[in-house]
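Copied over from Swiss-Prot:
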{"type": "BINDING", "residues": "ARG41, GLY42, ASP98, ASP99, LEU100, THR101, ASP102, THR103, GLY104, LYS105, THR106", "note": "5-phospho-alpha-D-ribose 1-diphosphate binding site"}
{"type": "BINDING", "residues": "ASP99", "note": "Mg(2+) binding site"}
{"type": "BINDING", "residues": "ASP102, THR103, GLY104, LYS105, THR106, TRP144, ILE145", "note": "GMP binding site"}
{"type": "BINDING", "residues": "ASP102, ILE145", "note": "xanthine binding site"}
{"type": "BINDING", "residues": "ASP102, ILE145", "note": "guanine binding site"}
Amino acid sequence: MSLPDKAFPVSWDQFHRDARALAWRLAGLDQTFKAIVCITRGGLVPAAIISRELNIRLIETVCIASYHDYVNQGDMVLLKGIAPELAENGGEGVLVVDDLTDTGKTAAQVRTMLPKAHFACVYAKPKGVPTVDTFITEVSQDTWIYFPWDMGFTYQEPIAKGAR
């Protein structure tokens, strides 16, 4: 697998700080959330952090696969839907959490299931920004974010080509 020109590696410490910043931002809203629906798999880690910080005990998952080869976003496959009681009233009072909105396709699909829910993610790319209500950090569309759960310790090429 070749590395993209723009890589944004995120450490566990950085992700934890960013997820807590998202929790702070959500806590500042004039809204009470009765449940979190996390988009798996990326939403699992931020949902755990946010649920702790906001004391939300009810956590549900919606399982959608879109990155089948870890490089290119493909067709959306719904692997597991949302509990019917959380979808009542359009998902009002539900917080949907993901790690990233890239093209916005995944969030848009979940939004059809929960049109009144509040959508939050840690990172956003320009095409995905319109599909979420709250996020922390925006990166360019051509940047690939390397999340800590996807990485091991390996050599990284310098940003400047030929600089060693």
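Cβ atoms here come from the backbone N, Cα and C positions, even for glycine.
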Task: In the chain carrying the residue listed as 'Mg(2+) binding site', residues 6 or more apart in sequence that have Cβ under 8 angstroms from it - done: GLY42, GLY43, VAL45, PRO46, CYS121, VAL122, TYR123, PHE147
- [ ] Please classify the secondary structure at THR106 (5-phospho-alpha-D-ribose 1-diphosphate binding site) using three-state DSSP.
- [x] helix
Task: Site extent for 5-phospho-alpha-D-ribose 1-diphosphate (largest Cα pair distance over ARG41, GLY42, ASP98, ASP99, LEU100, THR101, ASP102, THR103, GLY104, LYS105, THR106, Å) - done: 17
Open item on the list: Counting other Cβ atoms within 10 Å of each residue's Cβ, which of the binding-site residues ASP98, ASP102 comes out lowest?
Closed with: ASP102
TODO: Note down the number of other Cβ atoms within 10 Å of the Cβ of THR106 (5-phospho-alpha-D-ribose 1-diphosphate binding site), including every protein chain shown.
DONE: 25
Task: DSSP state at ARG41 (5-phospho-alpha-D-ribose 1-diphosphate binding site), helix/strand/coil - done: coil
TODO: Sorry to bug you, but what's the C-alpha spacing from ARG41 (5-phospho-alpha-D-ribose 1-diphosphate binding site) to THR103 (GMP binding site), rounded to the closest Å?
DONE: 17
Open item on the list: Neighbour count, 10 Å Cβ-Cβ cut-off, for ILE145 (GMP binding site): what number do you get?
Closed with: 21
Task: GMP binding residues ASP102, THR103, GLY104, LYS105, THR106, TRP144, ILE145: largest Cα-Cα distance, in Å and rounded to whole number - done: 17
Task: TRP144 (GMP binding site) and GLY104 (5-phospho-alpha-D-ribose 1-diphosphate binding site), Cα-Cα, nearest whole angstrom - done: 15
Task: DSSP three-state assignment (helix, strand or coil) for ASP99 (Mg(2+) binding site) - done: strand
